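Quick look at what Swiss-Prot lists:
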- 16, 111: substrate binding site (BINDING)
């Protein structure tokens, strides 16, 4: 594709993983969730991520406890503190594994590239 001709497949796999993680974070944070709906919300996020170019696997966890929802409405929202995501992208012979997880020592929902690997086609 002409828009990516200056990128190697390796660079594009990394780019697509990062774009997908950012889209998940900024699109789904704020979504209402409860312990009874957390798994469904996570599956919805996974299915949406798999629509992104080059994404071949998406694993999402939304960790919501009953303590989080002990309030008037009985729910909380998806946030950087309760969202854990693993994305795998493939472009050509390269795969990238991207992660999103709240890191306590940083007090921050960090996105990073965990692995880049060459695969057989």
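Note: Cβ is positioned from N, Cα and C throughout, glycine not excepted.
Secondary structure from DSSP puts residue 16 (substrate binding site) in a helix.
Within the same chain, residues at least 6 positions away in sequence whose Cβ sits under 8 Å from that of residue 111 (substrate binding site) are 18, 21, 22, 25, 98, 99, 100.
For residue 16 (substrate binding site), the same-chain residues lying six or more positions away in sequence with a CB closer than 8 A to its CB are 52, 53, 54, 55, 89, 91, 96.
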